[in-house]
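Here the structure is laid out as structure tokens; the discussion comes afterwards.
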Ligand SMILES: Nc1ncnc2c1ncn2[C@@H]1O[C@H](COP(=O)(O)OP(=O)(O)OP(=O)(O)O)[C@@H](O)[C@H]1O
Ligand SMILES: [Mg+2]
């Protein structure tokens, strides 16, 4: 990592403050970004990283403070101002038009297509950009046909197309596979060597450690800015949470016992009636966490949907606690005490316009404990919300603030709080730590282990292989809808897992009971 | 019933359909652009009424139908600023704003009608004349149906092509559609969502002004308060039934127009079925279409959702 010889400040932020009602999302933030550096923003969920980025992009107007760009005070009243100055941004949540093609999403609003939408010039430019970055994507497909990973590439292409001098990337890797993240980092280092500056937001330490400098935010304030070269993952984490984070490991003295969930030859069709699940069989016992490892898009989502009763299995079936489940509905699965953490928080996990309290009882709103006669018991809901907000450390102005206003990680905590509260017996978690800060993801891991100790059967899909290795009793690897094998973490290396995830046929099919 | 299908009568019915479709086409194409920009402007009915009233007043005082048309269109463009202000600046519920505008228009019209029109000698006014397209109007059968119409009708029939071209083949059309699908996607590119929605609302109202003025100046000889008779609502239905695609919307409108033309002629010919039955046909058809064509795959995703950053 070569640092530029002449330290030149591209961006200077002085005392920036941004409030939402009573919450100060950014409280006197000062920050310098040098020319040609990758500057990481690191901090807890709700620390104000996205808000700061949005202020730098002119999307939000800071209440006070000064932004100096290339030596001149910048008036950032709208993204137009930022783009004119050469500041580009990739937002934390996709900002795409789902029924436009990839190319249309990139060119809409750009000035070089002409009145009559002459796309050929723009297409050449985008194709060149793709080649340069090694992005392989069909420009004529519509967004809804793409996987989340591909959609993320479109967002990145959009930003690159405008050719910014300072690029802000707000959690670009949250939905990318580790391989895709590596590719993004190659693109980033290419940009850095061309003298561009990048502000990168990530919760993954592996990625944070690849930056030049890290600014740590806590509760809207800057805690410190450190050179990455002189720091360790531990020291940065400690700065962020104020204490050391201990990684929990499952308690091996508790042995899984008694089949709880068992799948036999489950097959299912996808949204375009392609085969997404092929003969999936496995069992999960009480006191057991079964990991599901695999590159996103290999059938994990559909597997969870089948188990939740929202997607029909085309053949095969499963049983719960010895009882065969025939043609399940999601209502039935909820009543049987299945907790489910879906991977798309705003689409499937929450009602964005509802507050935390209402989202906490979603699906259980008819349960007697939340009702008074035919009405919701507001008082009880309020009490519950207060308790869970504290327990899960949700940062929110009030229990009634629409969850769409929460930071990404805090929204995730609301889902977790709900599912951990209501599940009895089986917990299905698809990427539960996605978008969570280091401390919060450890908190989730701890909660999962608590459930395991309490006798739950847990199915946990995650792209964090380290987490799987320490939490799971066994890990099933899924590739193209097929279980490649089920292995024990203590008998397997990360390399083996990686090879199985890539569908390596050389690996003899292994399954442990 | 059979006599309806004989030569001259058939021609008359089809020519009637073209005439009846004219104001609907204007309003529908305008409203389509507005809705593609994400605004549910249900004030079509009221705006058409306003256009008709203004056209009537100006035509009967100045005697010039073209001046009347201009005034009607300008008035509708102006009134659209209210809608824009309420929905874009104040970010109020678009449905309620549209309803309010409709109530306002019909209330004021009734008031004006009872105070200034009723009981007086109806003023003379000149509407638009028929314009026969040279040569084309001599084609047997098609000529009298398509090419012996009012000038505005020819424009109305070109309008869907123009709107289609605008929406799908121009940069501004792409931007308008983007606003209707996901306004933030345009906002983060540094382009104004509000201005585009404001212009789209204005275009919609302007076209409704054409529609209302044509209803008045095209074929009527006097003003009646229920001149529009739910046509503004038919337009909204046509857009939903047409799944927000220009040519399908046109198809729905032709169905309505044909049924109304049949109803009128049935009355003239004197079929034994009560003619009220025929008069409700377009409205029944609108219900049937809505129930039958439930696909809303092209409904703009952000339709009716006010946009704000924070
Ligand atoms: N539009 C809004 N209205 C009200 N409060 C908001 C709004 N946007 C953000 N906040 C609040 O501001 C704080 C900072 O949010 P922000 O999204 O910047 O966090 P973040 O650091 O990006 O977190 P994450 O890692 O979870 O994405 C949070 O407490 C959040 O609830
Ligand atoms: Mg964020």
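Using N, Cα and C of the backbone, Cβ positions are placed for all residues, glycine too.
Keep in mind that TrEMBL annotations are predicted by a computer and have not been checked by a curator.
For B:6-26 (among others), the entry in TrEMBL reads transmembrane segment. Long-range contacts of the transmembrane segment (B:6-26) within its own chain (CB-CB distance under 8 A, at least 6 residues past either end) are made by residues 48, 141, 144-146, 148-150, 152-153, 156-157, 159-160, 207-208, 210-212, 214-215, 218-219, 231, 234-235, 238, 250, 253-254, 256-258, 260-262, 264-265, 269.
Sequence-distant contacts of the transmembrane segment (B:38-59), counting only residues of its own chain at least 6 positions beyond either end whose CB sits under 8 Å from a CB of the stretch, comprise 23, 27, 31, 65, 67-69, 71-73, 75-76, 79-80, 83, 87, 94-95, 97-99, 101-106, 109, 112, 125-127, 179-181, 183, 197, 200-201, 204-205, 208-213, 215-217, 223, 227-228, 230-233, 235-236, 300, 302-305, 307. Sequence annotations record features per position, and here TrEMBL assigns transmembrane segment to B:38-59 (among others).
The feature transmembrane segment is assigned by TrEMBL to B:65-88 (among others).
Under the heading transmembrane segment, TrEMBL lists B:95-113 (among others).
Positions annotated as transmembrane segment by TrEMBL: B:151-168 (among others). Long-range contacts of the transmembrane segment (B:151-168) within the same chain: residues 18-19, 21-23, 25-26, 29, 32-33, 36, 69, 128, 131, 133, 176-177, 207, 210, 214, 218, 246-247, 249-250, each at least 6 residues beyond the stretch ends and with a Cβ under 8 Å from a Cβ of the stretch.
Same-chain residues lying 6 or more positions outside the transmembrane segment (B:198-217) and placing a CB less than 8 Å from one of its CB atoms are 22-27, 29-31, 33-34, 36-37, 39, 41, 43-44, 47-56, 59, 65, 68-69, 72-77, 79-81, 83-84, 87-88, 127-128, 150, 152, 156, 159, 176, 179, 223, 227-228, 231-232, 235. What TrEMBL records for B:198-217 (among others) is transmembrane segment.
Tertiary proximity for the transmembrane segment (B:223-242) is limited to same-chain residues at least six positions away from its ends with a CB under 8 Å from its CB atoms, namely 23-24, 27-28, 31-32, 35, 42-49, 52-53, 56, 102, 106, 109-110, 113, 117, 122, 208, 211-212, 215-216, 248-253, 256, 282-283, 286, 289-290, 293, 296, 299. Among the features that TrEMBL reports, transmembrane segment is placed at B:223-242 (among others).
A Cβ distance under 8 Å defines the sequence-distant neighbours of the transmembrane segment (B:249-269), meaning residues of its chain 6+ beyond its ends; these are 3-4, 9, 12-14, 16-21, 24-25, 28-29, 32, 160, 234-235, 237-239, 241-242, 275, 278-279, 281-282, 285-286, 289. Residues annotated as transmembrane segment in TrEMBL: B:249-269 (among others).
Sequence annotations record features per position, and here TrEMBL assigns transmembrane segment to B:275-293 (among others).
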